[in-house]
């Protein structure tokens, strides 16, 4: 029983990474209606940028972290400007396909620049394990969870109460009305991609400092799709719950059935959600059945 | 708005009408292509024969994906998984039942069709990107099955197949079989879009409500289109298994699916000619890339590490570039090069 509790806590802690990445995904989908398959690659590039600024350019971890987050935001904004902006108004399927191409390009560049092997990041997170009674949680995971929680919390508060967050929400509700009320839609698009870049990078850096970085880091994060589906593609609050749940399921499954099942179960959940409740648990009633 | 109104939009429809060139030239070019393909084995080059087979197999799979993505407007990003289903099923039929290649191919296609329905049914009832996610689920779940169901699939090591001998002609015989299948399936796809069923695919892509009003059962049509795409992949997979004589999980990864998606986009969506051009271009591209890298670095240098990331960059950049600058792909470029002036109606995109 205590073993199960331990696995559960470890799972919840690793779910924190999913929450961050899923927030990155949801904000782009809400504001711009683009289903961003490159979210995982944005995570991976964030982690590599941290490696670049921190160790390879020797800025130290503080400045490196800041530079990596700013760099990821810029990269996301540039990607929006160059790749997504010309496609506004084109069929939906084109917008999805193009993010797939973007993901492939990002992965290729990471492989080209940093090579296929695992790179270790600076140990930002303390290693000392945390004891709750006789339950042990690896230190990196616990502190990573804390960091992810703080960042997500700060972002959600900002998103709810700031002018910028309100503008994004207004745009997601009704683009034409938002525009007529004086909201600069292009600005909102760029901003939401920028936020998505920062959130994904934060998630990637935390994931990378637990397990190291490879160009394939982003592929693992496709599990984030399970989170997003379960929550409903538009629910900011929902992804927090769903992220923790998927993290938990994945760890429990990995512990009792073996690691290979970890890539299987989240997608099984995705299919079940589609059959039972396509809006997800917390999604808006945007889904149209035919 | 004075020009003739084409009902099928910019797609294949009737090349004879869309082309400025005469139908006779089209026929002549098909005949020349056919003669050229007949002559390939007489070049005596094993490499040419190998590449020609690979291209033909990729053409079959790309034509299938184009039915789903290009004509019906359903995004599938797990195409290689259905290729895998076809490959495994046909290999297993061969190993355990000893059935002939033609039957294995049908078996592979039917299996891929059915597996496609398993993933398509939950997704296709709902509008939006759900199919893309369901196909991604198919990609990962089927890979898991291929890799973990060791007693049947052989796990990571996969299945090895005996050498096939068609009518006692060896590799050349197999080449002609592959070519014949590719030709038949491509022709079938081309003609499909002149029938009621094929037109209903396009109608669903253009405006599903309007299609519904016209009496088309949208869900059924989408399912058929998606299943048909998967069946093409299954047939291609069966040929691939017989061709490479080995089936293992790593032949059917997400990157292979991106490859086929890129082939459709690069060649031209909703165009049979585009599928052929796309598959040709995308199959040759990595070979060309390897050749260029070897020429640039000299022999002996370790280029394998560079090849894979470069390929990913080029796949992605081609998808992005063609979507932004030439939505009708190489087929569109070719038509323009042949002096075909675009009509106003042809600007509409799918």
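Cβ coordinates come from backbone N, Cα and C, glycine included.
Per TrEMBL, the feature transmembrane segment maps to B:30-57 (among others).
The annotation transmembrane segment is assigned in TrEMBL to B:101-121 (among others).
For the transmembrane segment (B:128-146), the list of distant contacts is 74-82, 84-85, 88, 115-116, 119-120, 122, 153, 226, 248-249, 252-254, 257: same-chain residues at least six beyond its ends, Cβ to Cβ under 8 Å. Among the features that TrEMBL reports, transmembrane segment is placed at B:128-146 (among others).
Sequence annotations record features per position, and here TrEMBL assigns transmembrane segment to B:166-189 (among others).
Per TrEMBL, transmembrane segment is recorded for B:223-246 (among others). Residues of the same chain lying 6 or more positions beyond the ends of the transmembrane segment (B:223-246) and with a Cβ under 8 Å from any Cβ of it are 53-54, 57-58, 60-61, 63-69, 71-72, 74, 76, 79-80, 82-91, 94, 101, 104-113, 115-117, 120-121, 124, 131, 158-164, 174, 178, 181, 185, 189, 197, 201, 204.
Among the features that TrEMBL reports, transmembrane segment is placed at B:252-268 (among others). Here the transmembrane segment (B:252-268) has long-range neighbours at 58, 61-62, 65-66, 69-70, 77-81, 83-84, 87, 136, 139, 142-143, 146, 274-279, 281-282, 312, 315-316, 318-319, 322-323, 328-332, meaning same-chain residues at least 6 beyond its ends whose C-beta is under 8 angstroms from one of its own.
The annotation transmembrane segment is assigned in TrEMBL to B:275-293 (among others). With a cut-off of 8 Å between Cβ atoms, the residues of this chain six or more beyond the transmembrane segment (B:275-293) that come close are 51, 54-55, 58-59, 61-63, 65-66, 70, 186, 189, 259, 262-268, 303, 306-307, 310-311, 314-315, 329-331, 334.
Sequence-distant contacts of the transmembrane segment (B:313-331) (same chain, at least 6 residues past either end, Cβ-Cβ under 8 Å): 10, 255, 258-259, 261-262, 265-269, 271, 273-274, 277-278, 281-282, 285, 289, 349. Taken from TrEMBL, the feature transmembrane segment applies to B:313-331 (among others).
Same-chain neighbours of the transmembrane segment (B:101-121): 78, 82-83, 85-87, 89-91, 93-94, 131, 134-135, 137-138, 142, 164, 166, 177, 181, 222-223, 226-235, 237-239, 241-242, counting only residues six or more beyond its ends whose CB sits under 8 Å from a CB of the stretch.
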